[in-house]
Amino acid sequence: MSMLCYTLIIAFLIGIWAAPKSEDNVPLGSPATSDLSDTSCAQTHEGLKTSRNTDQRHPAPKKAEDQELGSVANIIVDPKLFQKRRFQSSRVLFSTQPPPLSRDEQSVEFLDNEDALNRNIRAKRETHPVHNRGEHSVCDSISVWVANKTNATDIKGNMVTVMVDVNLNNEVYKQYFFETKCRNPNPVPSGCRGIDSRHWNSYCTTTQAYVRALTMEGNRASWRFIRIDTACVCVIIRKTDNF
């Protein structure tokens, strides 16, 4: 009886040791699991390295705004262009900040700072003192600083490209134009103010003048005479029915 019990116990132990071990029953700390985790980590590291190298070889395309800003910053101007006084104009200013108008808007006042390149400041025009008689202009005008002028007509009648921003000594300056134009072509129903409408037809119109401005000629910056609005005048025409 005891011999039979020993035989059954030995057969049971042999069956347990002979059973194959499945990979699903491997403990978490077993060498097989460690090899798999090391392999996946190595593959992940290689993938990150490959993607990083790909990004360096093929960088992401830049936005259009970034390209425009870069192109503006690349337009470098020689400071010698500003040393000749004949190229300076009282209606053209290079500055890093917008210049203000005077309070009465009858003269030009520039910012008194070290950033302004154009030191040729036009003196204020002397105006007669306003009395109680009620003096009025024939035409109403408005004067503004124009900062984003990109195109203009030169003295030869050709359309040229005006430089909006200028890179000088690693600092960006903007080119401003002081322009004057008519506020209204007919300040009064009959046309210009103070004109005898019984004998004359009249209206207000904006006139232009030439100023030196910095323009682009191919890939080079050059001075050119361009037309800008500079005044508002009254045009009168005699009525033909009086003849």
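Just so you know, glycine gets a Cβ as well, placed from its N, Cα and C.
The annotation signal peptide is assigned in Swiss-Prot to 1-18 on the grounds of sequence analysis. The compositional bias 'Basic and acidic residues' annotation in Swiss-Prot covers 47-66. Summarising the annotation, Swiss-Prot assigns region 'Disordered' to 47-67. Taken from Swiss-Prot, the feature disulfide bond applies to Cys139-Cys204, Cys182-Cys232, Cys192-Cys234, supported by similarity to another entry. As annotated by Swiss-Prot, N-linked glycosylation site applies to Asn148, Asn151, with the evidence given as sequence analysis.
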- Cys192 (disulfide bond) and Asn151 (N-linked glycosylation site), Cα-Cα, nearest whole angstrom: 31
- Note on the structure: For Cys232 (disulfide bond), the number of neighbouring Cβ atoms whose distance to its own Cβ is within 10 Å equals 23
- One finds that other Cβ atoms within 10 Å of the Cβ of Cys139 (disulfide bond) number exactly 24
- Pull out the recorded positions from the set Cys139, Asn148, Cys204 whose C-alpha sits within 10 Å of the C-alpha of Cys234 (disulfide bond). Cys139, Cys204
- Note on the structure: Per the 10 Å Cα distance test against Cys192 (disulfide bond), the recorded positions Cys139, Asn148, Cys182, Cys204, Cys232 reduce to Cys139, Cys204
- To the nearest whole angstrom, what is the C-alpha distance linking Cys182 (disulfide bond) and Asn148 (N-linked glycosylation site)? 20
- Query: Sequence gap of 6 or more, C-beta under 8 Å: which same-chain residues meet both conditions with respect to Asn148 (N-linked glycosylation site)?
  - Reply: Val164
- Since the record lists Cys204, Cys234 as disulfide-bonded residues, which of them has the fewest other Cβ atoms within 10 Å of its Cβ? Cys234
- If you measure between the CA atoms of Cys232 (disulfide bond) and Cys204 (disulfide bond) and round to the nearest Å, you get 7
